[in-house]
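Asker: Here it is: the structure, laid out below.
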Amino acid sequence: MPSLSDSTPLVNLRGSRAQSLQSSIITPFVVVLKSSPVNYLLVFVPLGILAGNLGWSSNAIFWINFFAIVPLASILAFATEELAEHTGESIGGLLNATLGNAVELIVSIIALKDNQIRIVQASMLGSLLSNMLLVLGMCFIAGGITRVQQTFNQTVAQTMSSLMALATSGLMIPAAFHATLPAPDKQHEFPAPGSSDELIISLSRGVSVILLLLYVMYLVFQLKTHRSLFEDQGGVHDADDGIITTAMPPDSSATKPADRRLSISESLVVLLLSTVLVSICADFLVGSIDDIVETTGLSKTFIGLIVIPIVGNAAEHVTAIIVAMKDKMDLAIGVALGSSLQIAIFVTPSMVLLGWVFDVPMSLYFSTFETIILFVSMFISNLVILDGESNWLEGAMLVSTYLIVALAFFYYPDTQLT
């Protein structure tokens, strides 16, 4: 009969295994789950994969995977932030800047490989408009409803506004180029040798390279040569509410130092898993769009411009609004305009060059109507932030502009663009 001392090692072994399991799997899972309130939508992830594999209706596949990607985007951003905490300021800032719009990149790449050029173009334009108008406007309303006026870093805001103006010009030039070409050369579904379509695609690829170089220079400006400007914006820690602001934080606005943090290996695993799951759900979502267009009557332009941008930006939008309510307008501006800037001078040009690799005629040419909408949105958003002050009425102006744009695109028919 074994003595108590003989059985003790077995008990200790079982206890150590349970403790190891808790520390390596359960605890990180709880940390990730609590990182954002939208993460409870994770129940839609297995449902979305199941719906796609079992061939459920297109409406079910689209909307279930739509809600599944929202928390995955939040988790991907959280894992990026956690990884950045272990890599130092420069590399961490580069990670945030590069992966800040990872969901938009993944969805767009899948749509591009599926030759859904209109979806890619519309989602890029929609992300720009939602950040410049809807998110910025909601931040001004949320922060200004209980305050007469709020202030923010005028220098940083003006720098980002100037870059947005330049990026918008880069997106408008192909449309102006197309408008001046002879009419007979414009009617090509795919670029013919020597046609205007081929010229526009070549122009778009050249502009994309320039915009990507500008993005690299902006990163050097932000992370190295003029880092102090952005540190004033993002390096302040508020001990009362636990907010740690960074120059461009997708979803890390509420991190308490005392909380359990993810290790490098845990962050990499979460980043990898969330990326794989986003890719799977995005594949099902994009694959159901054609049937959604046929059954609902919605245009691809409206789906790409209004609906899809919500998928990758929902958690980011919530973050911006929450910090604006806490009068941290520098962070709110950084989230809204920083995301717009990434879309304009990094994600969109990258899609054009990836289209070149995939042999898909993706270009920066948008219709005249879309180009005018983009210019007006950029003009209004830049106008309200140039003075470094905001109030709820300016927010209402931006949100009203977005609603007008959404209504216009609801009635706007699909157009075949190069």
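Quick reminder: no glycine exception, Cβ is built from N, Cα and C everywhere.
Source: prediction; values computed, not measured.
The following feature annotations were taken from TrEMBL:
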TRANSMEM  38-56  transmembrane segment
DOMAIN    60-223  domain 'Sodium/calcium exchanger membrane region'
TRANSMEM  62-79  transmembrane segment
TRANSMEM  91-112  transmembrane segment
TRANSMEM  124-148  transmembrane segment
TRANSMEM  199-221  transmembrane segment
DOMAIN    267-410  domain 'Sodium/calcium exchanger membrane region'
TRANSMEM  268-289  transmembrane segment
TRANSMEM  301-324  transmembrane segment
TRANSMEM  331-358  transmembrane segment
TRANSMEM  364-385  transmembrane segment
TRANSMEM  392-412  transmembrane segment
Asker: For the transmembrane segment (268-289), which stretch among 38-56, 124-148, 301-324, 392-412 has the most Cβ pairs under 8 A?
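Answerer: Selected stretch: 38-56, with the most Cβ pairs under 8 Å.
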Asker: Going along the chain, which residues at least six beyond the ends of the transmembrane segment (62-79) come within the CB cut-off of under 8 Å?
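Answerer: Distal contacts: 32, 35-36, 38-42, 44-45, 47-49, 51-52, 56, 99-100, 102-103, 107, 250-252, 262, 267-268, 270-271, 274-275, 277-278, 281-282, 284-285, 288-289, 292, 307, 310-316.
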Asker: Look at every Cβ pair spanning the transmembrane segment (364-385) and the transmembrane segment (199-221), keep those 6 or more apart in sequence, and say whether at least 3 of them are under 8 Å.
Answerer: yes
Asker: Under 8 Å between C-beta atoms and at least six residues away from its ends: which parts of the chain pack against the transmembrane segment (199-221)?
Answerer: 93-94, 97, 159, 163, 166-167, 170, 173-174, 177-178, 181, 191, 341-342, 344-346, 348-350, 352-353, 356, 361-365, 418
